[in-house]
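Student: Taken from Swiss-Prot, the feature signal peptide covers 1-20. The disulfide bond feature in Swiss-Prot is assigned to 59-76, 62-83, 66-85.
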């Protein structure tokens with residue numbers, strides 16, 4: 001009689017701990033993916049500034065890569081992640 005009782009208690013503890021872990025994970029997912037633009041902590045102007053800095057940085061890296069090859073920069077598109085160097089070399 002003692003062995004089935006201990007087994008049952010152990011099983012209940014195991015199931016309850018797994019259930020609490022699953023509930024915590026599901027509530028974390030809800031917190032992560034909920035986004036409301038009206039209560040957003042991001043300032044659109046600072047976000048736009050970060051995008052400009054990213055674009056300048058990407059095109060600067062593109063120009064450096066072209067210079068290492070001894071070529072001029074031809075096109076740089078941050079949106080399409082496109083960097084093209086000229087065909088002719090630097091004279």
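Just so you know, glycine gets a Cβ as well, placed from its N, Cα and C.
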Student: Should residue 66 (disulfide bond) be counted as helix, strand, or coil on the basis of DSSP?
Tutor: helix
Student: For residue 59 (disulfide bond) and residue 83 (disulfide bond), what Cα-Cα distance in Å is obtained after rounding to a whole number?
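Tutor: Cα-Cα distance, residue 59 (disulfide bond) to residue 83 (disulfide bond): 8 Å.
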Student: Please state whether DSSP places residue 59 (disulfide bond) in a helix, a strand or coil.
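Tutor: The three-state answer is helix.
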Student: Just give me the nearest neighbour of residue 76 (disulfide bond) among the disulfide-bonded residues 62, 66, 83, 85, Cα to Cα.
Tutor: 83
Student: I'm trying to understand the geometry here, so how far is the Cα atom of residue 66 (disulfide bond) from the Cα atom of residue 83 (disulfide bond), in Å to the nearest whole number?
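Tutor: Pair distance, Cα basis, whole Å: 9 Å.
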Student: Give me the Cα-Cα distance between residue 62 (disulfide bond) and residue 85 (disulfide bond), rounded to a whole Å.
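Tutor: The Cα atom of residue 62 (disulfide bond) is 8 Å away from the Cα atom of residue 85 (disulfide bond).
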Student: Within 10 Å of the Cβ of residue 59 (disulfide bond), how many other Cβ atoms can you find? Include all protein chains, please.
Tutor: 16
Student: I'd like the Cβ neighbour count for residue 62 (disulfide bond), meaning other Cβ atoms within 10 Å of its Cβ, all protein chains included.
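Tutor: Other Cβ atoms found within 10 Å: 21.
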Student: Is residue 76 (disulfide bond) helix, strand or coil when read with DSSP?
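Tutor: In the DSSP reduction, residue 76 (disulfide bond) maps to strand.
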Student: Which ones in the same chain are close to residue 83 (disulfide bond), with CB under 8 Å and 6+ residues apart in sequence?
Tutor: 58, 59, 61, 62, 65, 66, 73, 75, 76, 77
Student: Long-range neighbours only, meaning 6 or more apart in sequence with Cβ under 8 Å: which ones does residue 85 (disulfide bond) have?
Tutor: 65, 66, 69, 71, 72, 73, 74
Student: Please classify the secondary structure at residue 83 (disulfide bond) using three-state DSSP.
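Tutor: DSSP call for residue 83 (disulfide bond): strand.
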